[in-house]
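> Let me give you the structure first, and then I'll get to my questions.
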Amino acid sequence: MKSLRSCGVMNVFQDAVCTLNTLQTNASALEQVKRERGHPELQLQAMRGFLQRAGLKVDELDRLNIIHVTGTKGKGSTCAFTEQILRNYGFRTGFYSSPHLVQVRERIRINGQPIGKELFTKYFWQVYCRLEETKDAHGGSMPAYFRFLTILAFHIFLQEKVDLAVFEVGIGGAYDCTNIIRRSWVCGISSLGIDHTSILGDTIEKIAWQKGGIFKPGVPAFTVKQPDGPMKVLQERAEEIGCSLSVCPDLEEYQSEGSLRLGLAGHHQRSNASLALQLSHTWLQRHFLTDPVSSSPVEFSGVSPAPAFQPSPAMIKGLAETEWPGRNQTLKHGPVTYFLDGAHTTRSMQACVRWFNEIAPQHERNAGGPVMRVLLFNATGERDCAAMLKLLVPCLFDFAVFCPNITEAIATCNADQQNFNVSVENMLTRCLDNQQSWRVLNGQEEKPGAELLIGGGLPLVPERQSHTLVFPCILSALQWISQGRDSVLSDPNRCVIPVKPSINAKADPLREAVNIHVLITGSLHLVGGALKHLDPALNS
């Protein structure tokens, strides 16, 4: 059994990350949730046990003055707006979100910045070693990846003495491990849709029931406008639990001079911004009460419209300054412009397409010559890829490129160094399925007998006479798309995977175009992997 002292010598950030990764991948964690869903209350019971083993008590979490946010689309953006607003008031903020794009430290932020490597390492080993020391007495159990990070976030925010913590729910709400919070200060629900159906249910009403599980007795709750079915369920949940439920107004209804400017692009961000205004306003009202602990709880009295108050200068500034990478983000690298959005449901893809159709033509008008449009797509889990791809067809892409969420796969003639296991093969197969869906949606006939081959037997691109391609990793896809015209990707220290001459010939239009516009979407993990290569600062 390790002692805290002996465990502490492993104070190396990379060691911590590697050890963290042994606590299961996200996919296996989802499988664990599925196995437990027959008795979902056991998930929270297990989480409380892990929290106690880590040296924390549930009632200690009350000191974090938590804002708790769930939803299907926009919950992360809502949290980002809310955190920025309250930081503008001078509060020391904590912000827990998922998934991360490049580094796991992004999930746990202090004052808007990912926690530093040194602090992450220090706190990681404190929590991990306490759990490791006690696992033998608990059947060898250790928390899965997301559960561990949630415990770590609680520990860090308490140790760093934040004034408040904004917590984004992982999946669902009622049985999400963030929901061991006993009493938040305010909670919010962003736009609801269909996602994680094997865990949350196969109708939007069932999903709404799960999301409404973050409501707490007497704690004010806010929601953006929802369809009638899920809104009725949220109302029933609020009445059952005993809390107020208010519907946020449109952003245009707030009393401000001129329109409110948002730091996040996309029309759909306006409802997220309105929800953030209500959450921060309600948190501030409680904070500035003379005795917030004994403030009267707000009980259910029907669903009511939230007031469209006049935002303060700090709120207006906060909305304008909010940054949330990987969501409606534009990066211009010389002649290559990347449009990145982690949309991964049909509803979020609709919003992504609307944003892309608004912003891409603005860039194209200033190009002064031909522009090539390229789609880089992947999706994971149980997502309906064909439905998302169908929404993207009207964007009129010149090329559609598909790759798995693998940041880099280096080809080598040494077979001993190749380790493409079944899961990688499955990912590539899914990419081929997506390619075929795209061809069908575009009215292209399938060419039978196509193969995936490059030298050495590493799967790379299909021998098909069409503008669709499949690559084995994100880097190889980006390198082919940019054709050496992006200086960030043209670093001589980077490995360039050789491509067959017939595939290089397909890229002539990319080399000849004045500009290349690349939409990267379908998965936040894909977007994160792309940002790892496109924005080196995120790796530091």
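For all residues, glycine too, the Cβ spot is worked out from N, Cα and C.
As annotated by TrEMBL, Mg(2+) binding site applies to Ser98, Glu168, His196. Under the heading ATP binding site, TrEMBL lists Arg327, Asp341.
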> By a simple count of other Cβ atoms within 10 Å, which of Glu168, Arg327, the binding-site residues in the record, is least packed?
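Looking at the binding-site residues Glu168, Arg327, the Cβ with the fewest others within 10 Å is that of Glu168.
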> Just to confirm: which same-chain residues, 6+ apart in sequence, have a Cβ under 8 Å from the Cβ of Ser98 (Mg(2+) binding site)?
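Correct list: Arg107, Phe146, Leu149, Glu168, Gly170.
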> Counting across all protein chains shown, how many other Cβ atoms sit within 10 Å of the Cβ of Asp341 (ATP binding site)?
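Its Cβ has 25 other Cβ atoms within 10 Å.
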